[in-house]
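Worksheet: the structure to be examined is printed underneath.
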Amino acid sequence: MRCLLTASLVAGLAASALAHSRVSDDPVRQRKSLGFGPVHKHAVYRSTPYQVVTNAFTRMPVDADPFQVARAFVEDILGNQLSETNTYKIRKDSYTDPNTGVTHVYVRQVINGLEVADGDMNINVMDGMILSYGNSFYPGSAEPLLDDDIRHPHLEFCDGLTDQLSEHYPAFLASQEVMSADTEQLMGHLTHVHHSNCRFQNLAAELAPSADPRDNGLRSALLQFMVSATPNDDVVNDILGNFDAYMDKMVEYSAADHFAPSDEPAPYMVHNVPDTVNPVKAKLAYVQVPTKDDSVRLSLVWKFEVEMQDNWYEAAVSAVAPHRIISVVDWASDAPVPVPPQPQTATYSVFKFGVNDPAEGKRTTEKENYDALASPVGWHTLPYANDPSFQGARLANKEFYRNTTTTWGNNVFAQENWEGQNSYINNYRPDAGAGKSFDFAYKPKETNKTDALEEAQKFINATVTQLFYTSNMVHDLYYRYGFDEISGNFQQYNFGRGGQGNDAVIANAQDGSGYNNANFMTPPDGQNGRMRMYLWNTAIPYRDGDFEAGIVIHELSHGLSTRLTGGPMNSGCLPFGESGGMGEGWGDFLATTIRSTSTYSDFAMGSWAANRVQGIRNYPYSLNETINPSTYKTLDKPGYFGVHAIGEVWAQILWLVSQGLIKQHGFSDTLFPPQPREDGSVPEGDFYRPASGKKPLVPKHGNTLMVQLVLNAMKLQPCRPGFFEARDAIILADQQLTGGENFCTLWKGFSSRGLGPDADVVLRTPWGGGVRTDDFEVPLACAAGKA
């Protein structure tokens with residue numbers, strides 16, 4: 001019955017959309033994206049310091065090896081749960097942050113020699129103590145699990161979407177003639193998400209490939225996933241009609257020599273997978289799934305990394321038939337599709353960093369003002385051995401560095417992508433010549449709609465220059481707040497400072513795969529991040545998203561938050577629900593902070609590109625509750641299950657917390673710390689508090705302090721955090737950085753929008769559902785004026 005109801009709802013919505021669409025002749029292409037997985041109710045996050053004791057029942061000394069402290073802690077809290085078949089490993093992306101002195105230890109559970117892909121601990125260690133930790137280890141035993149025993153996350157996710165459609169459909173029908181833009185957008189988004197994720201939800205039970213003794217379940221599981229993943233109906237129909245033939249074409253081989261450490265089972269690389277752009281990496285693992293009695297059990301899965309044209313998936317598919325999708329994370333993150341506005345008849349010549357868009361200021365000539373610590377050789381230099389356009393070769397004279405005169409350097413590869421494809425090395429980029437003067441005109445003219453695309457493309461030199469400049473400025477800024485090589489930033493060459501390297505951001509301007517959007521794909525450290533910026537056909541001349549810095553910063557911030565949360569080698573920690581929403585919210589908050597000045601103002605996101613005063617969010621970011629009434633419980637409202645709506649609530653809360661710190665500590669006109677001295681030390685200047693040589697340095701102004709706390713907290717919070725865990729991590733970051741002097745200021749900001757100490761959520765779902773309770777109180781110590 002539910003399936004029939006869903007079909008009728010979707011059909012009705014589609015018909016209504018055709019009848020009442022206000023979309024232009026060039027409709028926005030919504031990218032298909034899968035994203036769901038189980039909720040782990042047993043997962044915990046603790047931000048109370050914990051003293052580890054040795055086998056001799058004495059405290060760990062302050063100079064103890066932090067990794068030994070972490071091991072002792074793991075073995076202490078797990079106790080008898082550990083055995084020869086149930087153990088753990090310290091992941092190699094664990095590191096000590098040189099800025100804070102905190103060691104971030106990432107632990108992965110291993111059962112029967114296989115990783116538990118969602119069995120994670122993140123442990124934050126300093127001075128022989130545990131500052132905080134998160135734990136989602138599987139608590140039971142690895143017993144055989146029958147398909148009938150478990151609840152299926154894919155089916156439950158789709159049932160939840162169906163309930164959302166059912167809840168809002170009557171009101172939708174009743175209001176069609178006077179339907180608001182927001183209602184139309186909500187119903188269109190629900191329909192798109194349901195169609196993307198649920199069209200083939202029963203495929204596992206229906207599709208039975210012919211028995212093949214050569215198949216270990218890998219190819220059939222992967223091919224069934226591709227039926228759900230591909231947006232191409234022709235590919236779907238061809239696979240379904242020729243399933244065995246497609247399996248025969250797919251070739252798998254062990255990649256032991258290239259990808260697997262000696263102590264881990266070798267992954268497979270699978271070639272000739274339909275609708276992918278590179279071979280698929282596959283390995284056996286366990287994932288945790290809820291059972292019908294509301295406990296949790298292990299399911300054996302194939303874990304896939306699937307790179308497609310518009311997506312980069314990390315998927316877990318049950319290893320034995322029927323091959324069900326247990327969880328899937330899309331490493332690509334979108335900007336939301338805006339409501340189309342009503343028709344109305346934008347060294348480096350750029351909009352300076354801090355000028356958000358052409359409506360805020362004029363282009364000026366800016367120098368390559370790279371930060372000497374973040375970009376030691378500048379923005380246009382990289383080693384030949386790390387240059388993909390030279391395929392690792394060096395010149396005959398053995399020169400180490402290559403200097404470029406284009407938008408190609410160690411941090412960013414920026415170019416046009418009019419074809420909308422994944423290739424980038426040979427795409428066009430401006431060449432400034434020996435003088436490196438990237439001075440290109442940007443004066444698009446008003447044309448008729450037919451010629452608007454061609455008119456926009458005339459100014460590609462200015463577009464790519466702007467994208468390269470903004471992206472490098474963001475790289476250098478985030479570096480100075482702790483997003484460096486060892487914590488997983490994006491650089492081709494890491495200067496011997498740790499991390500994987502060979503992962504500069506591929507920044508595509510005027511991407512031809514769509515309009516009115518932007519997205520960022522964040523694979524694990526050592527693989528290039530990929531950003532795609534689009535034209536917006538919301539006005540004539542077209543507006544170029546590359547010139548709205550807030551959108552570029554938002555997208556780059558996906559790379560920041562994904563790499564810092566849960567460790568640089570785990571890109572699955574901000575997948576959906578509250579965690580995925582905060583991934584959006586951090587981007588909005590940082591973009592808004594970068595454009596703000598000492599004279600307070602409210603700000604809307606994406607208003608220039610969208611040609612809409614309100615921008616692409618429900619509300620501007622504001623101190624005024626009438627202008628932005630969002631509280632934690634707002635997430636219970638219709639339309640707030642999506643990550644962008646969740647994110648704007650989180651960004652609004654952060655905005656208020658930040659304004660509290662600014663009121664207390666003042667405002668810095670620059671977010672950039674002073675350039676380092678020749679010996680590498682950083683002068684305090686008017687940026688940091690007097691430190692007398694002590695580390696970490698503490699920013700003295702409210703806006704710079706808030707940025708530092710947000711980035712430090714990303715490293716402290718657990719994989720897949722909710723609002724509570726992220727809030728607690730920020731408060732812990734202040735305790736670690738300042739000794740907790742801003743404890744009450746932070747709590748006042750959080751509680752002002754319902755995120756006080758007694759805020760609660762029950763019946764939480766993977767996609768952000770649940771019943772929330774606001775708490776507007778502060779801790780007793782703050783209410784009594786004692787702290």
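Cβ coordinates come from backbone N, Cα and C, glycine included.
Copied over from TrEMBL:
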ACT_SITE  Glu555  active site
BINDING   Asp334, His554, His558, Glu584  Zn(2+) binding site
DOMAIN    88-137  domain 'FTP'
SIGNAL    1-19  signal peptide
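Across the domain 'FTP' (88-137), the prediction's mean pLDDT works out to 93.
Distance noted between the C-alpha atoms of Glu555 (active site) and Glu584 (Zn(2+) binding site) is 9 Å. Of all Cβ atoms in the protein chains displayed, 29 besides its own lie within 10 Å of the Cβ of Glu584 (Zn(2+) binding site). DSSP places the residues of the domain 'FTP' (88-137) in helix, strand and coil in these numbers: 0 helix, 34 strand, 16 coil.
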